[in-house]
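Here is the structure we will look at.
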Amino acid sequence: MLAQVLRRQALQHVRLARAAAPSLTRWYASYPPHTIVKMPALSPTMTSGNIGAWQKKPGDAITPGEVLVEIETDKAQMDFEFQEEGVLAKILKETGEKDVAVGSPIAVLVEEGTDINAFQNFTLEDAGGDAAAPAAPAKEELAKAETAPTPASTSAPEPEETTSTGKLEPALDREPNVSFAAKKLAHELDVPLKALKGTGPGGKITEEDVKKAASAPAAAAAAPGAAYQDIPISNMRKTIATRLKESVSENPHFFVTSELSVSKLLKLRQALNSSAEGRYKLSVNDFLIKAIAVACKRVPAVNSSWRDGVIRQFDTVDVSVAVATPTGLITPIVKGVEAKGLETISATVKELAKKARDGKLKPEDYQGGTISISNMGMNPAVERFTAIINPPQAAILAVGTTKKVAVPVENEDGTTGVEWDDQIVVTASFDHKVVDGAVGAEWMRELKKVVENPLELLL
């Protein structure tokens, strides 16, 4: 009885001590006061991350705003800018460690003047162990892309070790369920037990099973397979795969294709770039981004998103621009395109594309967006293609390369001739839950009108 009373008092003391201590700080009798640095949630969809290069080593001082470590999230390679002051005492997760759950300890921070040698033997278990991977966010939360504080994660319970092995064994390493006689016979006949399916009680391999396997004709030698290389899947690639698979299965796509004459647009682009004196260099994509915004203001139903119970129609046009990076595709956003001029759009796209390729995008650079554009026009082999909608958006425009097309014209004297016209083929993908076929066609008509009369983009 006395032991139970003392135990309850001790537990109460521990609870009070934990309640008084900051959430990131743990105090241990055998170590000086210290703070446990945990894996942060750098995007709303992030549940785990890979550890990149540490920018600080044990003993280095850290000031607010300095980069502590590079972290590969489900979106991009990002810098973890630390917001506290102190000295790095111990690294718990080394460069290259993968799938570290949000909330798991990754390092130890102490105040300046603390002897960091006291932490030489400090382990992950001393910091509370790895956190359990948090559950995936609800779809509505993903759609809103709101950044919320990450709740403190609880440590995952250690698996109970068995007395026979001391640890849980992988299924492939377990001894097959086999009788002693069958095991002996298999050894004599050189029959691999792992390849057999037992017919005895509970799936046990019997002598008869071994005899049948030994008497069976040898399988023809398999032809040597083609050489291959297994490439590890990054968190970003996993996220791309998951989101696009969900988009195809949950968003009923329909497609509208049109040929657009860009002869006037190319002449206007050349004239503007010639007079810019190096201040800017407009691309065809810059004009198309602006044209998307104009079409969306004229047909606002396309600039919308499917939400639970409502269709949300946006007042501003935020265009997500697909950018290919060494680690995968990402879509940084040009916000408020309807209010921006071509020069500003061009500068913004160039800045975002550079940050994307350098892995320097912030969450606010790619979270959100109301409509997307994917342009493969720089590849002369791509005449046209269709793109998958970037959820929760309702539309994406796929742009092919520019080609010269012979078009018939009627001369003033009544004769007919041929002129060469620069054209591109564009295909818009629409979410039929949000956009009806007639609405998608109307949007494409407005886009065609403004692209083929590009002076309207300057209004």
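Positions of Cβ are set from backbone N, Cα and C atoms, glycine also.
Remember, predicted model here, so these are calculated numbers, not experimental data.
The transit peptide annotation in Swiss-Prot covers 1-28, and the record cites sequence analysis as its basis.
Summarised by DSSP class, the composition of the domain 'Lipoyl-binding' (34-110) is 0 helix, 39 strand, 38 coil. According to Swiss-Prot, the domain 'Lipoyl-binding' annotation covers 34-110.
Here Swiss-Prot flags Lys75 as N6-lipoyllysine, drawing on sequence analysis.
For 129-174, the entry in Swiss-Prot reads region 'Disordered'.
What Swiss-Prot records for 145-165 is compositional bias 'Low complexity'.
The DSSP breakdown of the domain 'Peripheral subunit-binding (PSBD)' (177-214) into helical (H, G, I), extended (E, B) and coil residues amounts to 24 helix, 2 strand, 12 coil. Per Swiss-Prot, the feature domain 'Peripheral subunit-binding (PSBD)' maps to 177-214.
According to its DSSP assignment, Arg269 (CoA binding site) is helical. Of all the Cβ atoms in the protein chains shown, 19 others lie within 10 Å of the Cβ of Arg269 (CoA binding site). The feature CoA binding site is assigned by Swiss-Prot to Arg269, Ser283, Asn285, Arg357, Ser374, Asn375.
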Near the domain 'Peripheral subunit-binding (PSBD)' (177-214) in space but 6 or more residues beyond its ends, with Cβ under 8 Å, are none
Max Cα distance spanning Arg269, Ser283, Asn285, Arg357, Ser374, Asn375 (CoA binders), Å?
26
Where does Asn375 (CoA binding site) sit by DSSP, helix, strand or coil?
strand
Where Arg357 (CoA binding site) falls in three-state DSSP terms:
helix
Those residues of the chain, 6+ apart, with a Cβ under 8 Å from that of Ser283 (CoA binding site):
Arg269, Ser346, Val349
Non-local Cβ contacts of Arg357 (CoA binding site) (under 8 Å, 6 or more apart, same chain)?
Val323, Thr325, Pro326
